[in-house]
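Engineer: First the structure, which I've put down as structure tokens, then a few questions once you've had a look.
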């Protein structure tokens, strides 16, 4: 064979080459996406680990951030699968019943008689004992020159004189294929024959022909194909059935490589090919029945004469083993089988990668919502806590200042009602730890003091309990109206700022201050401030009672001691003392609370600054970058699965892309294709986020379905990259529909459809921001669907950019601070067109000569005029929707039933007179 020049290529080889070329091209993109994903995750981990290391004063903030983004990584099993799959080299593995079958199939693949067949092949593999075939493994690779060499697998080339190198050859010499019996060199016996050819198929994939079983067991021969290889396993069959040894080998292949097998039935030299074809068409061959019975072939609903499945497998379906019964039609089964195996691996890898992108992107978006809420709610909570504490302090001080006289009267009343009972209880008091004689003989001075102390304690306990119960009722209402709310708000602030043990002590101290100063639990058991002050004051007064001579301990004496103690109490002084000390402690607690709250606020301020910085990074960098990776992985999956869509005629042009007709793609027919060429990274990021928001939305009948996306790297001759968004094709847009004419009932139904679609978007946390006539599409029944979610974003991901169509833009859009009420405003303008029944601009907008003038007029309050044909209720609804104050615009949950009632009133039977003005005049 000539050492230079490309090999001839058969139609089978050309189609296989195209399949492998497509696989390798997509593999490059998949590897790039995986590499960038790894780099992104690595950068995220480094950034947040550095943030944690530097945030020594705010371990809570750092732990919050790391907790939020700890799942920004590959699960171990997914990482292992991607490592083994992405970038795996395609290999055609040629197995067979014997060497003759394998060689015949290899020659068919390459379209040339490279390996010897027939008599020149020599001894068959199933020769008699003593004549066992010993042909080595063959590896076909690509090279500019044709050459043969012996090499140890994965190691080095052996210096050995091959017969092929001694002269010209067309077929590989038989002696180079075999291991001679006299060869005793173990390296030479283990070596494989590497055949380098300048063949298009070998440029895209390597080919390996397994050796004879006597040379190397099948499990050892396939050992190198278990890692980073995608094998296309072909099994050549040249007899009607398989031997038990061959079935066992196939089971081993199935265990080693979890890939399907294509069984190729080779023509039998002893039977005419026409006769063989007729036999295949009549019934399943003996081979196919054997493979089915041994579990080596999946059950098939029906095959054509070539052995290929009668029905094409669904896109993305797991490939199954197949049998090619007709060698003349091998092309019809082998090429689809190869494509399906290659496609399945790439689709699975791209889907797994895209699933990871979407999970992490959803995490970023959810965290953006949480951070935005934290930034909004924490300052309000702090202000609310300060305000409510001030109200509580003022209320308690009012009680201390104004309730003194009430306390005095309450104490006098309590003493008066309890006096006789107290005296009786004191007279009957049994002293503890003191022995008193029955005749009341005098005792020592020390025992007298103990008796007096016990009588005092009795009076103090009874009075304290009675007065405390009445004090509680005077301030008890504060507990629920102030303290309960304060505690809940404070608890939420503390939970969002648990930083360290030191800061826990501060938070606990703040709680203790509230419990001690403001709960006003003046029961005896709690030992609260007011009760304790009252008790101490009583003790001080009673202790001033003196006794000169030790008296006899009699009931009369006990009664006298109790009487003197009660009469010594001054209700006025006691009330004044209680209120004075209560005020002092209130003020002290108020100051301590305020200081602690300021300290907590300072810490929250630092945390919120870090949160806002992180929120900006998520919105501006992290989420857009990840969205772009997600768009690329999803588009790669779609193009592998469904191919590149074919562009039809142009349907329309917009600010950011061109819309084409697409007859069929991915099982959808017909489709619309939006071609977008992002000019810079910002537009790329916006488009990627749009695609993510749209694709992750559940299907809804009022939204246009997005079927998929494909990134066209060959756009404009490869100078630009275009993103092709394939979506549902509808009949026309609302602008065209209004120009053609729509009935009143159709227009009101369209209004209801649009409101339903916007409500669904809002329920998913999204704003459309560009509701207008061109973005509402109509089907053949004139039912509406919202399209073009190019400006659609969650509130938490909005950066305040000014987007939309000027006529439909709410005034607050120009300030950059807005919410989902901008869609209500835009609907109000859209509803004006629907009620007008035409596309003529309102007078207020028609006279504007430029976009800037139009914006200025909208900001100044310019709105569409009322047309004579407008129904009063419709006009009121429009005005409410485009109200300049966003808070005054109605919720869509109110707009929808209003529209329904308008529709029922104006379109039902008997309402022709009411609706005739709208129907006829506009």
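The backbone N, Cα and C atoms fix where each Cβ goes, and this holds for glycine too.
Checked Swiss-Prot, it gives:
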| type | residues | note |
| --- | --- | --- |
| DOMAIN | 645-899 | domain 'Protein kinase' |
| BINDING | 651, 652, 653, 654, 655, 656, 657, 658, 659, 674 | ATP binding site |
| ACT_SITE | 770 | active site, proton acceptor |
Engineer: Which number gives the other C-beta atoms within 10 angstroms of the C-beta of residue 653 (ATP binding site), all protein chains shown included?
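Structural biologist: Taking all protein chains shown, residue 653 (ATP binding site) has 10 Cβ neighbours within 10 Å.
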Engineer: Is residue 651 (ATP binding site) helix, strand or coil when read with DSSP?
Structural biologist: strand
Engineer: Using all protein chains shown, find which of the binding-site residues 651, 659 scores highest when you count other CB atoms within 10 A of its CB.
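Structural biologist: Neighbour-count leader: 659.
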Engineer: Mean pLDDT over the domain 'Protein kinase' (645-899): what is the value?
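Structural biologist: On average, pLDDT over the domain 'Protein kinase' (645-899) sits at 87.
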Engineer: For residue 770 (active site, proton acceptor) and residue 653 (ATP binding site), determine the Cα separation and express it in whole Å.
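Structural biologist: Between the alpha carbons of residue 770 (active site, proton acceptor) and residue 653 (ATP binding site) there are 16 Å.
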Engineer: Just counting, how many other CB atoms are there within 10 A of the CB of residue 770 (active site, proton acceptor)?
Structural biologist: 22
Engineer: Counting only residues 6+ apart in the same chain, whose Cβ is under 8 Å from the Cβ of residue 657 (ATP binding site)?
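Structural biologist: Residue 657 (ATP binding site) has long-range Cβ partners 674, 675, 676, 677.
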Engineer: Could you tell me which three-state DSSP class residue 659 (ATP binding site) falls into?
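Structural biologist: Going by the DSSP assignment, residue 659 (ATP binding site) falls within a strand, counted as strand.
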